[in-house]
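What TrEMBL annotates here:
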type	residues	note
ACT_SITE	Ser71	active site
ACT_SITE	Lys121	active site
DOMAIN	50-153	domain 'Peptidase S26'
Amino acid sequence: MAVGGLLRGLVSPAGGVAAWLPCHELFASWHHWLPSLPRLRPPASDGFKLLLVLLLFSAALAEVRYIASSSMVPTLRPGDRAVAEKVTYLFRRPSIGDIVFFKVPTAVQNYGVNKDVVFIKRVLATPGDFIEVRQGQLIVNGVAQKEHYTATHALYTMEAMGF
């Protein structure tokens, strides 16, 4: 089709813009050819495919975890469910105060913990920080931390260690 023919189809004879594309004559008689189109698949299959895609997509973005221990009380209690989203840490590192979900480290597996166990912990320090516990008080880089999210203070002491 020549460019002039395309432009003539887009412009109405009165000089205004036509309401349809150049092939509007074909669509003007849609009632003649629409009923003859074969149905290619049952309508329920589209809904099933959409549900399947949504489930796979959501599983790639987040997962629901059951809280089994009291190590995160009072923030998370045994029996609670938490949603672990999987996208944030692709773009940034964990920050102090974040709650993270991670598979059990190999060093802990050597003590008999199942490799399928998922730990849920709060980030207290980042690489390069020094942490210690004195008289139940968490100290990061020599500064005592106010831990408003703990139930009670620890009853142990831990010497400073760097990460």
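From the backbone N, Cα and C atoms, a Cβ is placed for every residue, glycine too.
Those TrEMBL annotations? Automatic predictions, nothing curated.
For the domain 'Peptidase S26' (50-153), the DSSP-based tally of helix, strand and coil residues reads 20 helix, 33 strand, 51 coil. You'll find the Cα of Ser71 (active site) roughly 8 Å from the Cα of Lys121 (active site). Per-residue confidence over the domain 'Peptidase S26' (50-153) averages 88 (mean pLDDT, predicted model).
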